[in-house]
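> Sharing the feature lines straight out of Swiss-Prot:
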type	residues	note
TRANSMEM	21-41	transmembrane segment
TRANSMEM	49-69	transmembrane segment
TRANSMEM	83-103	transmembrane segment
TRANSMEM	142-162	transmembrane segment
TRANSMEM	190-210	transmembrane segment
TRANSMEM	217-237	transmembrane segment
TRANSMEM	299-319	transmembrane segment
TRANSMEM	331-351	transmembrane segment
Amino acid sequence: MEKTQSVFIRFIVNGSLVKQILIGLVAGIVLALVSTPAAIAVGLLGSLFVGALKAVAPVLVLMLVIASIANHKKGQKTSIRPILFLYVLGAFSAALVAVVVSFIYPSTLILVAESADITPPSGIVEVLHGLLNSIIANPIHALLNANYIGILAWAVGLGIALRHAADTTKALINDMSDAVTLVVRVVIRFAPLGIFGLVASTIAATGFGALQLYVQLLVVLIGCMLLVALVVNPLIVYWKIRRNPYPLVFACLRESGVTAFFTRSSAANIPVNMEMCKKMNLNEDTYSISIPLGATINMAGAAITITVLTLAAVHTLGITVDLPTALLLSVVAAVCACGASGVAGGSLLLIPLACSMFGIPNDVAMQVVGVGFIIGVLQDSAETALNSSTDVLFTAAVCQAEDAKLANPDALAAGKSV
């Protein structure tokens with residue numbers, strides 16, 4: 001009996017987190033089918049898990065970035081620029097996929113519900129204005145409100161200032177960073193319980209009956225996201241690492257995408273991505289910045305959502321649009337979505353702005369937002385899974401490509417001579 005108990009405890013504490021999450025997923029579905037009141041009640045577990053992730057993520061980002069920059073040695077290489085380039089390339093590629101698929105399989109909407117209680121941004125200037133204001137936010141306010149642009153700005157500034165600090169100060173910062181990382185690991189071990197609660201309560205509260213009216217729209221949306229995750233992203237990664245990208249792609253989808261799918265927040269998934277980068281032995285100076293930055297600005301999924309829903313509204317209203325205009329829409333949508341990917345459902349608030357490019361009235365555009373919330377059970381989950389798993393995928397691809405260059409000086413010299 002004791003031996004059996006010991007094996008069970010070992011599985012809980014040290015077992016595969018992915019297997020435990022799958023068990024929690026199945027158990028949540030079963031409970032929702034068996035008892036709706038019980039399933040809604042265990043939703044508390046999901047709320048606590050997501051709340052814990054959101055609580056620890058800002059502190060984790062602040063401490064990791066400060067520690068990373070403060071201890072940065074002169075001449076030590078980081079690879080932020082190549083990762084940012086991949087983020088941009090991935091977002092525009094996703095937008096292009098959404099445009100092409102929307103023209104091949106045009107969707108229409110049933111515009112009945114309005115969402116008058118939501119105030120979307122009035123234009124791209126307002127979006128960029130808000131983004132710039134986020135950079136100069138009060139550090140305490142940024143931590144309390146999970147403003148990752150502001151947190152990164154302060155962390156970078158403090159990190160640079162602390163480069164000249166005494167070694168004992170730097171050691172203290174490292175110890176604080178390690179302590180926060182340990183807390184994060186403990187929180188992540190509760191992921192199976194959190195997923196169990198989220199799945200059970202979501203299915204019990206909403207079901208999937210409302211989604212039947214929008215089957216084609218969902219097929220186009222999720223089809224675009226799968227195409228980006230399984231075709232476009234692997235092509236980008238292959239271009240970077242020059243070997244089979246799928247082991248890395250599937251690892252990122254399995255360990256980052258699954259959790260992000262249920263938390264529906266790129267910000268809440270930052271600790272999961274950080275832990276995965278650490279397991280892969282990536283450069284901490286790089287991933288401590290690229291992961292939180294990606295949670296805010298890497299918006300491939302948001303670009304797909306905005307483009308597909310806006311073009312669905314265009315097709316519904318019978319507006320004729322040419323391919324260059326549709327592509328311009330996707331570019332504008334991708335730029336505007338910057339800063340919205342860290343908020344559950346944030347990309348939907350940019351739809352009225354995108355619709356305004358085609359002269360669609362705001363009241364009609366808000367009905368499109370209403371449709372977005374109806375399908376949000378799947379749309380927002382799939383979007384977040386794509387966004388968050390892409391953060392760690394592109395970070396790993398760039399870090400591994402840099403490691404390969406360092407391991408092969410001849411190839412590096414040949415690259416310089418070209």
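Backbone N, Cα and C atoms are what each Cβ position is placed from, and that goes for glycine too.
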> Are the transmembrane segment (217-237) and the transmembrane segment (83-103) close enough that 3 or more Cβ pairs fall under 8 Å, when only pairs 6 or more apart in sequence count?
yes
> Among 21-41, 142-162, 217-237, point out the range having the most Cβ pairs under 8 angstroms from the transmembrane segment (49-69).
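The listed stretch sharing the most Cβ pairs with the transmembrane segment (49-69) is 142-162.
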> Is the transmembrane segment (299-319) packed against any residues at least 6 beyond its ends, judged by a Cβ distance under 8 Å, and which are they?
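That would be 90-95, 97-99, 101-103, 106-109, 111, 217, 220-221, 224-225, 228, 326, 329-330, 333-334, 336-338, 340-341, 346-348, 350-351, 354-355, 357-360, 364-365, 368, 371-372, 379, 382-387, 390.
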> Go through the chain and flag residues at least 6 beyond the ends of the transmembrane segment (142-162) whose CB is under 8 A from any CB in it; none is fine as an answer.
54, 57-59, 61-62, 65-70, 72, 131, 134-136, 169-170, 173, 267, 270, 289, 292-293, 295-296, 339, 342
